[in-house]
Each structure stands twice: as structure tokens, then as C-alpha cells.
Amino acid sequence: MTPASETAADRAAVAPAKTRRQDWLVALVLLALSTMSIGTRYWLPASLFWDENYHVASAQKHIDGVMYMESHPPLGKMLIALGEAALARNAALDTSALLRSDHVQQVQLPPGYSFAGVRLASVLAMIAAVMLLYATLLLITRQRLLAFVFAALPALDNALVVHARAAMLEGIQLAFALGAIGVLAFALRRGGRVRLYHYAALGTLVGLSIAVKLNGAVLLTLPVALFLAEQWPVLNEARWRAVARRLSRAVPAFCLPALLVFFGSFYVFIATATEVVPGHTYKASAEYLQHLRERTTWTAAGFRAGLRDHLRYMAEYADGVPRLDVCKPGENGSDATRWPLGGKTINYRWNREMVQGVSYVEYTYLVSNPVVWLGVLGAMVLSVALLLGRAVFGHAVDPARRRDFCWILLFSSLYIAYFAAILQIERVMYLYHYLLPLLFGIANLALVWNYLFGAGLAQGHWHARVNLLLFLLLVAAGFVYFAPLTYGWPLSTTQMQQRAWFDVWQLQPVR
């Protein structure tokens, strides 16, 4: 071998290692960014807001082994309880009042109560979600800068950050959802081969997402997408026996782990929550109460009775939630058709102080970063136009962009399927129910950008990179401008009114 050929071989060997180092370096920068935006002083405000009134009480019941019933599956509250138990900041305090209430008030918390533990799971999960989005986009596009920019969007979206910094369920669910999408991207990576353990991993993460909140059921479209992508050549050849043979293996490979983690979370809860607070039997049947008294909820019969009662309670609770009433004073709910524009915002909590005769208010407000949300909406419009152009008008897809086209089809389908399901629900819904499809929309925005400008990025054109960085700068500017509503920085009435950009937001200052 000549010296010249040795040098070329060395360069070929070094290039992948250098690329991996750069990928990890960018990941570390993204980790630092998300940790700062989501994790900085996350235990503040030191007061309950919105669904924390429910979830903090539920988490304490998990810690003390107290039975309760609630409208969501138990996994999210179990993880909130795990964070509280891990830090043990309140272990020496009297938290018995939380066991006697399903909607705890601030005055019921013991003096010195720390929120660091109950908010920990959501904070860590949302940081993990950002990193999973980066890994997923990197797998799909192989564009490091593009993956970084669009993975940074959840860490720079005010609505996502304010929810991630609370003892709520959305941040936890989003981590599992993006984990599932990441598994799909890994299974369908270039040069890879789909294995049954990919279906199993996908089933596990989809099951975990549904075990946090039932709206995660939209992710059940992912195994369908994986199977179609894997079997597309076989389907085109009409080899139906081969398709049926693979289907007979893929279905149990996905379904068994999904069912195991979903019902497994219920089993752990039912088996360990054996204490009954007087007057708080909810709608437990006589059979379930008997198992609770005998501490036999861990048995098959006890679990069956408990599971039946918990599922019935969840169904009856959902039926009892009132419908949206826009005429009701103080209505925080909103129609789903307004969500992509950021309506309606919710004032979670506020604290007013007078400074030299001027009223300043510290807000914790659910409000979007309009740059992110309008970008997602614009990308969805382009996606639908692209898909209709192919399906209705027969426009050809550039072979070099076919992979991006397929991913755009998937993320657009997830987004649309979620709305199709939500619009069938009659109970009142809230803006934060949009956070899951918002993540689908952010991923779709990244793929649409890559579809349009990916060739320039791949060729190293400076203007393509500058445009991407300018977009990130615009997103960051939007985040900083609305950050007072996320972190509780004081605003005057005039400053608050300046942030009411759209009437659909119905963002109101406290006077």
C-alpha cells in the first residue's frame, strides 16, 4: 500500500469518528439549552397551580400506599411520586392532609413544602424528550444542524416549558411518545432491517405513553406505519402469504409489550395501594373493598376487581365532565380548532405587588411561542398541499426526497388523526391537549424544511445554514419575549397588554 493510499484510508476511518464527535458535541449543547430553559429553578413558584392540585395529592397517596381513583391511568402519578420519594425533601413534614383530599389547596400543604420532588419527573422527562427529538431527526435527515435547530424548539416554546416545569403529565407522556417515534426512525434507518424487537420496543413505549394519558392512543398508528414500510416491496408483489406470516409475528410482538406495560402499571398501583381513607371509597365495589381490607389486591381476583372499578370510574368521570361553555365567565376551555393559533391561553396563577404606585403581576401563563406554533401551522398547510398534489393530481415526488415525503406523510397523519379524534369528544378540552400534536407538528416542520432546503444543507451552502440559524434566532426571540409569563417575572398592565398579540388568545392582564 502506498503512502497516498494509507492517508486516504486513514481519512476514511477518521471521518465517521469525527462526525460522531460532532453529533455528541451538538447534543451536549442542546442538553445544556434544554436544562437551562426547563430545569432552572423549576421548583418555583412554590405554590400549586392547575392540575398540580390533583397530581400532588395523588403522588402522596402513591407514596403512602393509599387507594384513590382518578380520570387518568396511574403511571404518570407514579413517576411524579417517584421523584418526590427520590429527593425526599418533604419526608419530615406532615403531609397527611394530602391523603384526605383529591384536590388539595395551597393552605393544606405543610409550611416549607418543596416542589422540587413532585416536579422532577416532568422536568427530566421533557429534557429527555428534547434529546430524543434530536436523535430522531438526526436519524431521519442526517442533517446535524437541522436536527439541532428543530429539537431546540420544544425547549424554546413557552407553553411546553411551563407545563414541563410543573407536576403534570404532559412532559412525561411526550418523552415516551418521542421515544416511540425514535424507535420507528431507528428501525427504518438507511441500511437497517426491521426486527421483531423493534416492534416490541415500539409497543413498550406506546404502552407507556397511553399509561400516562389515554390520548397517547394516537400512537397506535406507528406499528401500522412500521409494518407498511417494512412490507411495502412484498405488498407490491402481492405475496400475501409472506405478508400474513410476518403480520402473525409482528402483531403479538407489538401488542404483548404494550398491554403488559399498560396493565402492569395498573397492577403495581392496585397491588400497593391498599390503605383506604375513611369516606374516600370512591366507587369501589364491595368485592374490591373486601380485597382492600384483606390486603389481597395483589392476587388475580383482587387485581381483576380493582382494575374493573378503576376503568369504570375513568369512563364515568369522562362522561361527567361538562361541555365547553364559552358564555360562562372564566371559562378556560377552548375549541380545538383554535389551538393551532394558540387559543385559548390559561392564566394558571398570579401574584400582584405594588411598586411605587404601579401594579406588577407575576404570572404563570399557558401561552404559546407564536413563532413555533405558526411555523407548525404553516408546515401543516404545506404538507397537506404536498400530499394532495401527489394523491389527487399525481404530481411526482423527487426520488431524492422520497424518504422525506414518507416521513411528512406520517407526521401529518398523526397530527390530523389526533384532531379527528379530539373533535369527536364532547367534554370541555384545553389548550394543553394540543401539546402532543404540537410535537408531531414540530417534527413535520423539520421534515418540510428538509424537503425544501435539504439539498442546500447537504451541499454545505452557507445561505441554507444562515437561514436555519436565523429561524432559530427568531424562535429564541419569541421565547424570551414571552418568558415573563413562563417564569413569573413581574409585568405591568401595559407590558402584559403588549403581549396580547392575537384576539384568539384571550390573554388578559390582572387588574
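Glycine is no exception: its Cβ is also placed from the backbone N, Cα and C atoms.
What you see is a predicted model, and the numbers here were worked out from it, not measured in a lab.
Residues 114-116, 119-120, 123, 126-127, 130-131, 134-135, 144-145, 147-148, 151-152, 154-156, 161, 164-165, 479, 488 of the same chain sit 6 or more residues outside the transmembrane segment (24-44) yet have a Cβ under 8 Å from a Cβ within it. Summarising the annotation, TrEMBL assigns transmembrane segment to 24-44 (among others).
Here the domain 'ArnT-like N-terminal' (30-236) returns a mean pLDDT of 95 for the predicted model. What TrEMBL lists as domain 'ArnT-like N-terminal' is 30-236.
Positions annotated as transmembrane segment by TrEMBL: 120-140 (among others).
Per TrEMBL, transmembrane segment is recorded for 145-166 (among others). Within the chain carrying the transmembrane segment (145-166), a Cβ under 8 angstroms from the stretch's Cβ atoms is held by residues 26, 29-30, 33-34, 37-38, 42, 49-52, 119, 122-123, 125-127, 129-131, 133-135, 137-138, 174, 342, 348, 364-369, 372-373, 431-432, 435, 438-439, 442-443, 445-446, 449-450, 454, 457, 465, 468-469, 471-472, 475-476, 478-479, 482-483, 485-486, all 6 or more beyond its ends.
Beyond the ends of the transmembrane segment (172-189), by six or more residues, the same chain brings 75-76, 79-80, 121-122, 125-126, 128-129, 132-133, 135-136, 139-140, 154, 160, 195, 198, 201-202, 205-206, 208-209, 212-213, 216, 219, 222, 225-226, 229-230, 435-436, 439, 443 to within a C-beta distance below 8 angstroms of the stretch. Taken from TrEMBL, the feature transmembrane segment applies to 172-189 (among others).
Packing against the transmembrane segment (247-270) from elsewhere in the chain are residues 62, 73-75, 78, 196-197, 199-204, 206-208, 210-211, 223, 226-227, 297-298, 302-303, 306-307, 310: each is 6 or more residues past its ends and has a CB under 8 Å from a CB in it. Per TrEMBL, the feature transmembrane segment maps to 247-270 (among others).
The annotation domain 'Protein O-mannosyl-transferase C-terminal four TM' is assigned in TrEMBL to 333-505.
Marked as transmembrane segment by TrEMBL: 371-393 (among others). Long-range contacts of the transmembrane segment (371-393) within the same chain: residues 153, 156-157, 340-342, 405, 408-409, 411-412, 415, 438, 441-442, 444-445, 448-449, 451, 471, 474-475, 477-478, each at least 6 residues beyond the stretch ends and with a Cβ under 8 Å from a Cβ of the stretch.
If you look at the transmembrane segment (405-425), the same-chain residues 6 or more away from its ends with a CB under 8 A from one of its CBs are 140, 215, 217-219, 221, 225, 229, 336-337, 380, 383-384, 386-387, 390, 397, 433, 436-437, 440-441, 443-444, 447-448, 451. As annotated by TrEMBL, transmembrane segment applies to 405-425 (among others).
Per TrEMBL, the feature transmembrane segment maps to 431-452 (among others).
The transmembrane segment annotation in TrEMBL covers 464-483 (among others).
Non-local neighbours of the transmembrane segment (120-140) in the same chain are 23, 26-27, 30-31, 34-35, 38-39, 42, 79-80, 82-84, 86-87, 146-148, 150-152, 154-155, 160-161, 163-172, 174-175, 177-179, 181-182, 185-186, 189, 403-404, 407, 439, 442-443, 446-447; each lies 6+ residues outside the stretch with a CB under 8 Å from one of its CB atoms.
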